[in-house]
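*Asks:* Okay, so TrEMBL annotates it like this:
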type	residues	note
DOMAIN	5-422	domain 'PTS EIIC type-3'
TRANSMEM	28-45	transmembrane segment
TRANSMEM	65-87	transmembrane segment
TRANSMEM	94-111	transmembrane segment
TRANSMEM	143-162	transmembrane segment
TRANSMEM	174-202	transmembrane segment
TRANSMEM	232-257	transmembrane segment
TRANSMEM	295-319	transmembrane segment
TRANSMEM	405-423	transmembrane segment
Amino acid sequence: MQEWINNKMLPVVMKFANNKIVSSMKNGLIYTMPLTIVGSLFMLLSNFPVPAVSNYFMKTGWTLWFSQVTGATYDIMSLVAVFAIAYQWVKEDGFDGLPAGILGLVAYVITLDPTKPLIDKGSQKVLGTVTGVIDKTWSGGQGMIAAIIIGALVGWAYSFFLKRDIRIKLPEQVPANVSGAFTALIPAAVIITSAFAVYIFFNAAFHMTMVSAIYKVIQTPLQGMTDNAAGFFAYIFLISFLWFFGIHGAVVVGGILGPIVTASTLENVKIFQQGGQAALEAHGHIFIEPLLSQFATVSGSGFTIGLVIYMLFFGKSAIFKQLGRLAIGPALFNINEPILFGVPIVLNPLLAIPFIVTPLVTGMLTYAAVALHFLPVLSGVQVPWTTPVLFSGLIVGGSQGWKFMLWQVLLIVISCAIWFPFARIQDRQNLLQEQGKA
């Protein structure tokens, strides 16, 4: 079994995980994280969970001011993503990625429709057309998959020219910043012209933009595949299943499907901004990033806080006692590598059962609670993945954060109930080995 994993399965998975497209997408989208965290903070302020404070912010105009920051972070996420992915692609090829990032941004904007209908809010009649605009509809979550595709294509094209030394060369006496600008001239001309041709083609042939076409044909079906109970179940299962073999499941699965979940999260933010919680309940996505990170995988993949609690308070073997003391601190901040490889859970058939089952149970229970309106649909507020449990539930739940905090307490109890029987068996085996009886 071990030989098959090492020689057959692991190389295939690692080759895929290190694929240029997956690597650039994964590493590029990391640059959007500060925007989502800071934007979430201001969205929380604009919809403060204490009614008295929320009403004060509304009356004094602070709610509108807070929304300005949310709009300047969440609503331009696709623009940041296309820049970052093109930049990362070229950087990983060993070249200066900044010109490629700029070209990715330019190419993306070229493919957008620069017009927007002017609609009367009362009658909903079209009064005219506004020109020269960047429509935030497509600069946020709805343009995420298009941003990934365009960013990857621009990164590939830019590297293609530089690898073949197709560039304008200047004498060595010319300053580096000047020669660098001329280096990007030929690829820039080709990339920008190609983006222009794509814009003309989609406009003339389909009366739509490439970005809106990608959203309709690719992103919407993909979101439909993941934004349901089966998709959520599969996402959680794959993370734990890959971790059993020592493969970072969150990185691999997140690298492939993460952008789809991110797009759903951003759409929930937009829905909440426009229509509040009522609109979220009617049109929001249940499976968004906080549902996974703060309720299915609290304390890390496998929802291992139950195992850590057993080791800390009930462990009898020396290794469990020691690991319990060492692991409780990281576990509170959702870091569980010490027990994944220390117990170990990796390649341990006994502990693989609760490791896979626990997040499926906690995740699907949370999904069902939201679907049945026992818990509200999450608005898209995000916290750093290291935010301690209970605090994370209080924050991501917004005005009803107390419900999610209490729900996390229940999930921890469930984690203990599932983990304890298996932990007890493993503890006995460890104790027998330590006593030399195994």
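Keep in mind that glycine also has a Cβ here, set from the backbone N, Cα and C atoms.
Given the structure is predicted, the values throughout are model-derived calculations rather than measurements.
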*Asks:* Any chance you could find the range in 143-162, 174-202, 232-257 with the most Cβ pairs under 8 Å to the transmembrane segment (94-111)?
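*Replies:* If we count Cβ pairs closer than 8 Å to the transmembrane segment (94-111), 174-202 scores highest.
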*Asks:* I need to check the long-range neighbours of the transmembrane segment (174-202): which residues 6 or more away from its ends have a CB within less than 8 Å of a CB in the stretch?
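*Replies:* Sequence-remote neighbours of the transmembrane segment (174-202) are 96, 99-100, 103, 106-108, 110-111, 150, 154, 157-158, 160-162, 166-168, 208-210, 213.
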*Asks:* Which sequence positions outside the transmembrane segment (405-423), separated from its termini by at least 6 residues, show Cβ-Cβ distances below 8 Å to it?
*Replies:* 294-295, 298-299, 303-307, 309-311, 314-315, 320, 350-351, 353-354, 357-358, 361-362, 365-366, 369, 375, 389-390, 392-394, 397
*Asks:* Other than its close neighbours in sequence, what residues sit by the transmembrane segment (28-45), given a CB gap under 8 Å and a spacing of at least six beyond its ends?
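*Replies:* Same-chain residues near the transmembrane segment (28-45) but 6 or more away: 57, 62, 66-67, 69-70, 73-74, 76-77, 80-81, 84-89, 151, 258-259, 262, 265, 269, 272-273, 379-384, 395, 398.
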*Asks:* Determine the mean pLDDT over the domain 'PTS EIIC type-3' (5-422), rounding to the nearest whole number.
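*Replies:* Mean model confidence (pLDDT) across the domain 'PTS EIIC type-3' (5-422) is 87.
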*Asks:* With a Cβ cut-off under 8 Å, give me the same-chain residues at least six positions beyond the ends of the transmembrane segment (295-319) that come close to it.
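*Replies:* Sequence-distant neighbours of the transmembrane segment (295-319): 232, 236, 239-240, 243, 249-250, 325, 327-328, 331-332, 334-337, 339-340, 342-343, 345, 351, 354-356, 358-360, 362-363, 366, 389, 392-393, 404, 407-408, 411-412, 414-420, 423-424, 427-428, 430-431, 433-434.
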